[in-house]
Amino acid sequence: MKKWKKISLFVCVFAFVREFRPIEPFYAAYMTSPAINITLTQTSRDVYAVGAYSCFVLIIIVFLITDYLKYKPVLIMDGICGVMAYCSIVGHPSLLRMQIGQVFYGFFFSSEVAYFGYLYAMTDDKRYYQRITGQARAACLSGKFFSSLFAQLVSLVNGSVPYVELVYISIFGMFFSTIWAYFMPNVKNSVYFHNEKSEPTDVPPPTIKNYTSSTGEPKTTEDIESQQSKTKITKDIDKNDGKSLGQVLLYLHKDFKRSYSDPYVRKLCLWWAFAFGAYVQVYTYINVLYTYVLDLNEDTHFTLYNGAAESLNTLIGAIAAYSIGQLELNWFKVGDLFLGIGSLLAGIVLLGCFYTRTLWFIYAFYIIYGCLYQTMLTVAESEVAKRLSRDSYGLVFGFNSFIALFLHTLMTYGIVQGHIISVSTIQQFLIYAVYYMSIGAVFLIFSIINYFSPAATDSIIECKQ
């Protein structure tokens, strides 16, 4: 088996098992069940909030130590923290114990970037980056799908949700991912602290072909390739010398400036960070909303289908993301319009979650929202990736996630915990709806500006892999 296939297999198994946590769709319901017996308000403000704060604090630390420790130790620690997070809700835990568990969950959530970094660090041939990235994301979504489906089927067969059993199965999934990570091959080189590889600096014979830059100025292939060659040479010098902390930080600064120097990349990253921040909020509190509406309706006989909703959300979102990835469109011209309309529609379906009191409709709206979000994220990620060097993608992913988690933390502090505005669980979704509609309005304005821009109307942007 070729090395890149072997590494992809290792990472895909790890990603699949890491996402096999069947208690997740029923987490809020478990918190309010007799086994734990805390209120929904405590679940939102005292438990989930600690997880939000820890994610925000830990993501930058995790990003830096992941590269320094060469990925694998962080993957092992990721599994251990997952075990600790779910062990903290076994039995009849105190509120403090559950809050400590959320700190471990914060590390677990933040270290998702580690296995993608491991994937790139262990694959020498960059021609396979797109393929292995797709395989790892597919494994991740498959793990979520089968985990949620399993939880729902077990609940239907059992006649009620077996919360305790689902927690133990989640712990086993985290334990298996820890053992699997231990047997994964070691990384010899990383992107910043331990990079001893040099890239070829040969400049291929240029072919003249017209392109247009993101600023509207015409470029030729010769200009682009010459610029890429200079970037590679500079990158080799910087990375091979940059092994001390100061030099690594200097290279990070240069890499950051180079990555975000393109206005098109900055614009897409703006959507990515803001939309992801709201997505984490919706994903975290949708289960709280299910239980809130159930209590509001005083329906003690309704069977929760949270697992079915989550599995369909994942499956349909993955299909939509794959389908949009096959379309060959000039996203430079239509991307703003697509993101604008998609964000508006996401806001509308979240508005439906606010107005309806029927769980079936809320399930349907959540599935539609997930489909819209995954589709738009695929476009944004792929367009950003086209314009970055492969080594810079982890940095951009990490920084965008940092901004998203900052927004997630801000909304948790101001809205969920009520320090800025005090609202109920169902009113939170009104705020999320307005938030997405605002993003949609901004990108529709961008699309109008882009439509009348000479660079967009007179030329087509082509990006070389």
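Residue numbers in this text run from 1 along the chain shown.
Cβ atoms are placed via backbone N, Cα and C, with glycine included.
Predicted automatically and left uncurated, TrEMBL annotations should be read as such.
Just so it is clear, the model here is predicted, and its values are computed rather than measured.
Long-range Cβ contacts of the transmembrane segment (46-66) within its own chain (Cβ-Cβ under 8 Å, at least 6 residues beyond either end) map to 31, 38, 74, 95, 98-99, 102-103, 105-107, 109-111, 113-114, 117, 280, 284-285, 288, 394, 398, 401-402, 405-406, 408-409, 412-413, 416-417. According to TrEMBL, the feature transmembrane segment maps to 46-66 (among others).
The feature transmembrane segment is assigned by TrEMBL to 73-91 (among others). Same-chain neighbours of the transmembrane segment (73-91): 14, 18, 21, 23, 30, 36, 62, 65-66, 97-98, 100-102, 104-105, 107-108, 111, 114-115, 118, 164, 167-168, 170-171, 173-175, 177-182, 184, counting only residues six or more beyond its ends whose CB sits under 8 Å from a CB of the stretch.
Annotated transmembrane segment per TrEMBL: 103-121 (among others), in sequence order. Sequence-distant neighbours of the transmembrane segment (103-121) (same chain, 6+ residues past either end, Cβ-Cβ under 8 Å): 7-8, 11, 14-15, 18, 50-51, 53-55, 57-59, 62-63, 66-67, 70-72, 74-75, 77-78, 81-82, 84-85, 88, 129, 132-133, 136, 184, 187, 189-191, 390-391, 393-394, 397-398, 401, 405.
Within its own chain, the transmembrane segment (166-183) has Cβ neighbours under 8 Å at 10, 13-14, 17-18, 20-24, 26, 30, 72, 75-76, 78-80, 82-83, 85-87, 89-90, 147, 151, 154, counting only residues six or more beyond its boundaries. Sequence annotations record features per position, and here TrEMBL assigns transmembrane segment to 166-183 (among others).
Annotated region 'Disordered' per TrEMBL: 198-232, in sequence order.
The compositional bias 'Polar residues' annotation in TrEMBL covers 209-218.
As annotated by TrEMBL, transmembrane segment applies to 268-292 (among others).
TrEMBL lists 304-325 (among others) with the feature transmembrane segment.
The annotation transmembrane segment is assigned in TrEMBL to 337-355 (among others).
The annotation transmembrane segment is assigned in TrEMBL to 361-380 (among others).
The list of residues near the transmembrane segment (392-416) in space but at least 6 beyond its ends in sequence, with Cβ under 8 angstroms from a Cβ of it, reads 44-45, 48-49, 52-53, 55-56, 59-60, 63, 110, 113, 116-117, 120, 191, 252, 255-256, 258-260, 265, 269, 272-274, 276-281, 285, 384-385, 423, 428, 431. The transmembrane segment annotation in TrEMBL covers 392-416 (among others).
According to TrEMBL, the feature transmembrane segment maps to 428-452 (among others).
Taking residue pairs at least 6 apart in sequence, the transmembrane segment (268-292) and the transmembrane segment (428-452) share three or more C-beta contacts under 8 angstroms. Outside the transmembrane segment (304-325) by six or more residues, the chain places 22, 24-26, 29, 138, 141-142, 144-153, 155, 161, 287, 290, 294, 359, 363, 366-367, 369-375, 377-379, 382 with a CB less than 8 A from a CB of the stretch.
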